[in-house]
Structure formats: structure tokens, C-alpha cells
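K.L.:
Attaching a single structure in C-alpha cells format; questions to follow.
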Amino acid sequence: MIASSDVDTRAEASLFSDPIPSEMDALCPSPPGPTRPQRDYERIGGRAGTSFCQTLIHLLKGNIGTGLLGLPLAVKNAGLVLGPISLLCMGVVAINCMQVLVKCSHHLSIKMNRPSLTYGEVVQYGMENVSWLRRHSQWGKQTVNVFLIITQLGFCCVYFVFLSDNIKQVVEAANATTFNCHMNHTNQTQVLVPSFDSRLYMLCFLPALILLVFTPDLRYLAPLSLVANLLMSTSLILIYFYSLTNITYPINLPYVGRAKDYPLFFGTAIFAFEGIGVVLPLENKMQRPQSFIPVLYLGMGIVTFLYISLGTIGYMCFGEHIGGSITLNLPNCWMYQAVKLLYSFGIFITFALQFYVPAEILIPPVLARVSQRWEKAVDLLLRAVLVIFTCALAILIPELDLVISLVGSVSSSFLALIFPPILQILTFHTEGLSPLVTVRNIIISVIGFIGFLTGTYIAIAEIVARNGLKREEAFSSYMVQ
């Protein structure tokens, strides 16, 4: 994401207790002052809250990241015509679900006399609207937090794979990197000096990322985050330029992909669109929260355009050779090798922001059980263990495209597609919710659940198949030697 989808402000309450700050709270503390329940529905004081433009920038940052770079492969899996159409439909549905979440939050915060609510709290209070679900409402909040943890740790796994693949490619092509940026015949960066396995690169990044998450206050990373955002924005412009200027004609690509690959498209696309966790923190911090819906429409309209355009243009440029990230297809000239390094630096910094959410949900309950003398040591130990855990998961599945699709299918589908429509039914079922809206919400949730089942199954099947093929190749190579 532009420091991302990449800065995902999905912080929620601790898994079983009170709300905790998000990474948005750490980078941009909320100002004091009245909030939503007030009659005028705006914050008092000229400096209180974020402006329209600031909120728009944060919304873009929270939705544009590594998922964007994987969309050309997603379009390949769906087809040159079906892919963009599906992305447009998914964008419309995702925006609708975000609006539904904001609407439910407004309604329930007034009803509960709360200034603001987290995603988990909205689900909790929505369930309390239904008598037979009321005593289980706490489980709703905990379920949302579990999926937030899975999603954020999944992002961290994706970052490990992204960093290792891109840096490995830069190192292997270093001796032959030139100033000639013409496309080679295979449309891919030429690998001229094979180095060690990408999983060893992940282990090389492990100590640096552990030290990064030891940062006591994310505000210390704010200057680096700003630089990372600028570098990643520049990198995206160069990627667009290269892809647009190197499309070969005629374009002989399938308009519709294979049916068995479509679930992989779904997982990658919903991974990219899973910015719903950024919505409530941003809306809660606006000076004029009633202006958030226009921000949402404008911001997500821009995001959807970027997704469709880069996904389509990238696939048209690199065709069947497109990789799990479009950066892996850039030529081995210094300018585009620099693009990989700059984007990798942005992802490296963003890792700490994504990691903040699961760390602040999981670690405080543990620290509450230890003496103050050992709090710091235990805190650092747990942070290191969580980073090692994400690295281990990435090493087990070192396939960037499949990791993205799996994370999207498993957790993003619930947060972005399944929960919001159900939440609207729970929240407004006693207030004359129209049958048409109810049917629409049920259809969206069912589609999300089908995508979860098929996407997860196909991604896991592909992971098993690729690992089996790699073992066979390694065994054959060993026998030849």
C-alpha cells in the first residue's frame, strides 16, 4: 500500500477487554473534544480532528499496498475481460459494505451513548439487538478481533515473502544490471547469478524486523513512514509508465480465465480491497464526521480505478509470464531495480505498523499477569516470538501469490464481505429494514462465504501441489548429482 494497504488501521479492543489504540492512534493521537453523539455532529475547535484531505490521504494509504501489485496476476486468473469487470463489481460491493459499517456504527453509538465504536464493538452491540443472540454478543466482538489478528499477521507473512523475493531478484541480477530498460524476450527480470533460497533471505530479514517492532512508540517511525509513502508512490508511477509503454500488440490473451483459477482471483482481489478496518478509526478522527461518506466514495473510487487499471495494464504488458507481484517482472536495469528496492523499503517500514495491531491485542493481557519488573522483558520477548511466528509461516509457504490469495480468502472475506451485511440485518431488523435490502445483504454474505470456502481450498491445494513439485525437482537434481 502506499505504506499500507497497506497502513491498515484495524486496531480493535484487546481480545477480551477494553478498547486499545490503533496504529492510527499511535501516529496521530485523537484530539480531545466532543464526538458523534453531539447534536451538531462535529468536533469543537479548529485544530481538533482530521480534515477532509487528511482523511482522504489516510484512506488511500490504508487501501493501496502489496495487494495492488498482485492484481495483474489476479486478472490473469479471471481473464482479460472478466477480471476488470469482477474487480469493478467487488469494488462496488466493498464500498457498500464500508458504508454499511459506518451507518451501523452511527446508529449504535447514539443508541449506546458512546462517542465512537470499534469494529468489534459494533458487532457486539449489533448482536445485542437480537434477544437470542444477546448473551453471546461478546463472542461477536472476540470473533472480529480474531479475524483482525489473522489478517494483520497474514499481511506480515506477505511482507516477508515480498521482501525476500524482490531482494533476491535484485541480488541475482546485480552483475548484469544495466542502464538499458528495454523489455527482454521473456518479459521477466533475467536471473544471471543464482543465489540461495528465498527462505534464507527471510531469515536474513528476521533480526532487522524484530528490532523494528521493538520501537517503543510508532510516532518515532512517522518520518520514515512519510518517506516510505513518497518512495512507494514514485515506484507506482514508474511501474505504470513501464507497463503502459511496453504493451505488445496484438493482444492475444484469454478474455475469461479457467474456472478453477477464479477462486485465486477472489482471494487476491479481496486481499487488496480489505481496507474496511481503516474505516471506523478514520471516521472517528474526522473533525466533521458527517463528511466521511463523501471521503469514502472519492477515496475508494480512486482505489478501485487504480486496482482495475494496474491489474489490466500489468496483465496486458507481461501476459502469461506475470508474477505474484508485478515488480518481479520489471527488467534488470538500474531504474527498475531501484523501484524494487524503494518499494521494499516502504514495505519494511510498514511491517511495524501492521504488526502493531495484533501485538496490542495479544500482548497487554499477558503483561497484566506479570510483575512490573518483568513487563519490558516479557513485552520484547512476545514481540520477537510473534515476528518469528510470522517468519515461520512465510517460510512454510514461500509463494507470494498463494499467500496473498490464502490470507484474502481466509480472513479478509469475513471482515470485508460477510460481517457487514449480517451486521446491518442485526442492527436494523426491528426498524423496518426493507426485504430487498435484506435479500441483498444475504446474497453478499453468501457470495463472501462461497469465496472463503473455494478460495481457501484452491489456495491450499495449489500450495501442496507446488511444494510437492519442488520436492520432486530437488530429489531429481540430487539423483543426477
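Cβ atoms are placed via backbone N, Cα and C, with glycine included.
Where the annotation comes from TrEMBL, it is an automatic prediction and has not been curated.
Straight out of TrEMBL:
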DOMAIN    49-460  domain 'Amino acid transporter transmembrane'
TRANSMEM  78-102  transmembrane segment
TRANSMEM  144-162  transmembrane segment
TRANSMEM  198-214  transmembrane segment
TRANSMEM  221-242  transmembrane segment
TRANSMEM  262-282  transmembrane segment
TRANSMEM  294-318  transmembrane segment
TRANSMEM  338-359  transmembrane segment
TRANSMEM  380-397  transmembrane segment
TRANSMEM  403-426  transmembrane segment
TRANSMEM  438-460  transmembrane segment
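Map these features onto the structure and tell me what's around them.
P.N.:
Distant neighbours of the transmembrane segment (221-242): 1-3, 7, 27, 61, 64, 68-69, 181, 215, 309-310, 313-314, 317, 326-327, 330-331, 335-336, 339, 342-343, 345-346, 348-350, 352-353; these residues of the same chain sit at least 6 beyond its ends, with a Cβ under 8 Å from one of its Cβ atoms.
Sequence-distant neighbours of the transmembrane segment (262-282) (same chain, 6+ residues past either end, Cβ-Cβ under 8 Å): 5, 7-11, 22, 24-25, 50, 55, 58-59, 62-63, 65, 67-68, 70-71, 73-75, 77-78, 83, 86-87, 90-91, 94, 97-98, 101-102, 105, 116-119, 122, 148, 151, 292, 295-296, 300, 303, 307, 401-402, 404-409, 411-413, 415-417, 420, 451, 454-459, 462.
Within the same chain, residues 52, 55-56, 59-60, 63-64, 68-69, 71-76, 80, 83-84, 87-88, 91-92, 94-95, 98-99, 102, 187-188, 236, 239-240, 242-244, 246-248, 251, 253, 269, 272-273, 275, 279, 282, 286, 326, 329 sit at least 6 positions outside the transmembrane segment (294-318) and bring their C-beta atoms closer than 8 Å to a C-beta of that stretch.
Proximity of distant same-chain residues to the transmembrane segment (380-397), defined by a Cβ-Cβ separation under 8 Å and at least 6 residues beyond the stretch ends, is recorded for 153, 156-158, 160-161, 164, 199, 202-203, 205-206, 209-210, 213-214, 355, 358-359, 362-363, 366, 403, 406, 463.
Through the fold, the transmembrane segment (403-426) approaches residues 10, 66-67, 70, 93-94, 97-98, 100-101, 103-104, 119, 122-123, 126-127, 129-130, 133, 144, 147-148, 150-151, 154-155, 157-158, 161, 263-264, 266-277, 324, 394, 397, 433, 437-438, 440-442, 444-445, 447-449, 451-452, 454-456, 458-460, 463 of its own chain, all at least 6 residues removed from its boundaries and within a Cβ separation under 8 Å.
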K.L.:
Which residues of the chain, 6 or more past the ends of the transmembrane segment (144-162), have a CB below 8 A from one of its CBs?
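P.N.:
Contacts of the transmembrane segment (144-162) (Cβ under 8 Å, skipping residues fewer than 6 from its ends): 6, 8, 10-15, 66, 119-120, 123, 198, 202, 205, 209, 274, 277, 325, 344, 347-348, 350-351, 354-355, 357-358, 361-362, 386-387, 389-391, 393-395, 397-400, 403-404, 406-407, 410-412, 414-415, 419.
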K.L.:
Checking distant contacts: for the transmembrane segment (198-214), what same-chain residues at least six beyond its ends satisfy Cβ-Cβ under 8 A?
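P.N.:
Cβ under 8 Å, 6 or more out: 160-161, 163-165, 167-168, 348-349, 351-352, 355, 359, 380, 383-384, 386-388, 391, 394-395, 398.
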K.L.:
When you scan the chain for residues with a C-beta under 8 Å from the transmembrane segment (78-102), skipping those not six or more beyond its ends, what do you find?
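P.N.:
That would be 71, 119, 122, 251, 253-257, 261-262, 265, 269-270, 273, 275-276, 279-280, 283, 292-293, 296-297, 300-301, 303-304, 307-308, 311-312, 315-316, 416-417, 420-421, 423-424, 441, 444.
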